[in-house]
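Quick look at what TrEMBL lists:
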COMPBIAS  1-11  compositional bias 'Polar residues'
REGION    1-59  region 'Disordered'
COMPBIAS  12-23  compositional bias 'Basic and acidic residues'
COMPBIAS  36-48  compositional bias 'Acidic residues'
DOMAIN    160-231  domain 'Cation-transporting P-type ATPase N-terminal'
TRANSMEM  206-231  transmembrane segment
TRANSMEM  243-262  transmembrane segment
TRANSMEM  393-417  transmembrane segment
TRANSMEM  447-473  transmembrane segment
TRANSMEM  977-997  transmembrane segment
TRANSMEM  1009-1030  transmembrane segment
Amino acid sequence: MTNSHITITVDDSTHSDATEHRRTPPPPSASVNLDYADDDDEDDDVADPNDPFDIQHTKHAPIETLRRWRQAALVLNASRRFRYTLDLKKEEERQQKKSLIRAHAQVIRAALLFRLAGERELVVTAPTPAHPVGDFGIGLEQLTSVSKEQNTSALEEYGGVKGLSNLIRSNLDKGISGDDADLLRRKNAYGTNTYPRKKGRSFWMFLWEAWQDLTLIILIIAAAVSLVLGIKTEGLSEGWYDGGSIAFAVLLVIVVTAVSDYRQSLQFKNLNAEKQNIQLEVIRGGRTVKLSIFDIVVGDVVPLKIGDQVPADGVLITGHSLAVDESSMTGESKIVHKDHKTPFLMSGCKVADGVGVMLVTGVGINTEWGLLMASISEDNGEETPLQVRLNGVATFIGVVGLSVAVLVLAVLLGRYFSGHSTDDEGKVEFIAGKTKASTAVDSVIKIFTIAVTIVVVAVPEGLPLAVTLTLAYSMRKMMKDKALVRRLSACETMGSATTICSDKTGTLTLNQMTVVEAYVGRNKLNPPNDSSKLNPEVLSLINEGIALNTTGNVFVPKLGMNFGLLRSNTTVLNVFPFNSEKKRGGVAVKLEGSGVHIHWKGAAEILLGACTQYFDSDGHLQSIEGEKVAFKEAIDNMAACSLRCVAIAYRSYELDKVPSNEDDLAQWSLPENDLVLLAIVGIKDPCRPGVKEAVKLCTEAGVKVRMVTGDNLQTARAIALECGILTSNEDAVEPVVIEGKKFRALSEKEREQIAKKITVMGRSSPNDKLLLVQALRKGGEVVAVTGDGTNDAPALHEADIGLSMGIQGTEVAKESSDIIILDDNFASVVKVVRWGRSVYANIQKFIQFQLTVNVAALVINVVAAISSGDVPLNAVQLLWVNLIMDTLGALALATEPPTDSLMRRAPVGRREPLITNVMWRNLVVQAIYQVTVLLVLNFAGDSFLPKQETKSLENQTKNTLIFNAFVLCQGVTNNRLFMGIVGVTFILQIIIIEFLGKFTKTVKLDWKLWIASIVIAVMSWPLAVAGKLIPVPKTPLTRCLAKPLRRWRRSRAQSQLNTPSTNFSR
């Protein structure tokens, strides 16, 4: 066997965004070429597989990727740092519990089926008769067992659905009365539609978590030892100050941190309650009312349609083509058809197709879904790409800070034990053989405390939490802007959105349909509701088609229709619910005699193609072939006026051709050929006020708005022009305006090339929307998509940000989305973009503020420690700075509302560095100024500061001035809350300096030194303005620094790949 080179070829310059998080090493047999492009800029859009913190998209990231970045993070307090990220261990336990409960449900059903099979073979005793309980004819246990066990024989014994409704005092047509006394009786007898939830963590739990920080624990231990030694050497009255002050400062940090975290958790709790509060329609007292899912009671009659969530356990009353997705309960992705043979509906399942009405028989904890929800804790954890990247930044800063702390510790210990450290009077602190052991231990503890405190300041534990803080704030505020955030990362990703693919109806328009044009045969009705000139037979068929081919219950008569009378005189045989794929819906009805009519309504040009005849003005049937051109022209004219064109058609059918068997009837496809055209109507759905301005704002912000609609191309074009999505008729040419079927017919590569040019897509199906989203994402776009139907779920899931509609949206669409637009308004979508950009801007402000403090504090202490063996900022002072920086600063800067200027910038690129060149410039200018001024004070302060009585007092005065000036230098912005915190800090600083000197090792300053401190701080303001005049290069500094590292990694990978493989042949 001969050795051979394995040549491996990997094209790393581009790859699908959708699969970036699933990158796997190539198989041994693959051919990889590591000829990377000379221009490294292409690689800036590609995730670095060697960087665990480089996750562009956490929406579908695998568990291993999430585990990898956690293991790579330098963390001092894991319980706090990872609190709002997904708890991977609990998630695994959650999935196991789910599968156990699902298995339990399946075992019960299997046992039931086995028993029923035996009952068919053997004659067994009948089910237990219903026992009355209180006002009702059946008790809780008996009713629950019928639903849970799906016991059809028991249901039949009780008289079917009708008999069961009588037992629970309900009416299948009118529902329950719904008065307060009736509701109270039902809740007492059968329970409420809620389930026990695990209590949220108390404030004491947050206090305990804040305490878990390793550095704070070390400081507490150091404080305890210092306290014991201090009291031993100096007595109780003076000796407790050193240890006591550190302990008090640590406790203050812990309490403030816990309060901040507790408030944040309450915000999340309220938002989660809002997410779970599904609104649905229920029939009570013969009227349709809208109420919360938590208010459903046993006996309620609930209409169901495609996309709805089954709100409780129940039995089907009536249904047409009703199919339910039971995967949420069984774990199997299987659609189950419901009819009189399988009438039981399980809470938590989704309606996949058809329509129906159910009777509620089990609620809350008495359902399998209630048990499932009660047994698993709701995990709100979820990482966002920014959170992960900030953990990377925090880890890098932490490593630097830890290295600096170790260096300072080594230098200070070395100087101390070598006899190079002197006290305030200039005496050598340690003399071998002479210095007492207790004194040496006390000095070592002080040195160790300083080093640990540097770590506290240097490791920014609050940095990743600042993302959660700003997201929680944004989520609360976005609720007021009619946007409910379901997924944290979407709020952040929206700031990077480069395109919004929007629906038309209800989002760009008001969804207030008014018929403004109508054609019956070749005659145009003027006005459209004038039925006086219509043939009575034709009018009767139009009335029949409108009244019977709808799920609507309320109608204001305009053409003399009476919905109730028309429905009572016919029997519905089968229904084909309106389908967004086929763009039409139909119904087959049996008339009072033996005749059958099949009515269709839908997209005008599609139904027109299925018609062979039409009625003339005298009510005579005419062939449509010679008139199709004229009808199409009428449709185009209406569409050009931005009208939605709907055709109404019918055909008669022989009753003996209709399947008589119920199973066959359920599977029967309604005939849709040889139709007779009854009418074509043009429906006006006006644009929403403010939509044109919102679209213009998006365009100025670099976000392209695309309209994806099921309407025909002419209507779509007209609405797009009205909304400002298209600027002129000259733009409205293919491929800018394209039909869904044409886009669908292209190859994958052609779709990618053409997707960016598309502005309007008409006659699109949900699958076309999905293909467009995939093509845009592969082209590097960050895509936001709006959707309201069940079939929109794949596109909402695939998009970077899925936006479902709160009013028109189905529960399936809402569950697949990341954000719910509560008012269905496009202007609210634009507000979400503003908030997304605000999140990023606020985080950058906080990073700049924190890094300035970090750099200045570290440099001052390191330089002073190495040169003089002492540090001007002691442990308590650094803890005070850390408190301002980590908690109060984060609170202020993370809660700044968005400004109009944010929408005048380009979208934030996903690969955009967190620390921009402008931030580096501002940071470096401020840090250099602070470090320079404070080091001058440290080394030359004795020469110009007022002389004091002792050398020790002079040193303390100098160090106090340094501490005071350093704190006052920290930040001035136009953020009112931040300025308020700066004001409070200033007052507290006065109290610390003037009254708490023994704790902080400071002395009182006279008014001249206070003015000097303020002048030093104020001088940084004009310096910040002047710093903005310094030009910065366009190429990010971090990218320039990363390129050599990237090249080194590549050359290392190349050398490993070129190494000959070892021959293991025997």
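In case you wondered, yes, glycine gets a Cβ from its N, Cα and C as well.
On a predicted model such as this, the values are computed, not experimentally measured, just so you know.
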> So which of 393-417, 447-473, 977-997, 1009-1030 has the most C-beta pairs under 8 Å when paired with the transmembrane segment (206-231)?
Replying inline: 447-473
>> Below 8 Å between Cβ atoms, which of the listed ranges 393-417, 977-997, 1009-1030 makes the most pairs with the transmembrane segment (447-473)?
In response: 393-417
> Apart from its near flanks, which chain residues at least 6 from the ends of the transmembrane segment (1009-1030) lie with a Cβ under 8 angstroms of it?
Replying inline: 921-922, 925-926, 929-930, 933, 945-946, 957, 961, 964-965, 968-969, 972
> Per-residue pLDDT averaged over the domain 'Cation-transporting P-type ATPase N-terminal' (160-231) comes to what?
Replying inline: 85
> Can you count helix, strand and coil residues in the domain 'Cation-transporting P-type ATPase N-terminal' (160-231) using DSSP?
Replying inline: 46 helix, 3 strand, 23 coil
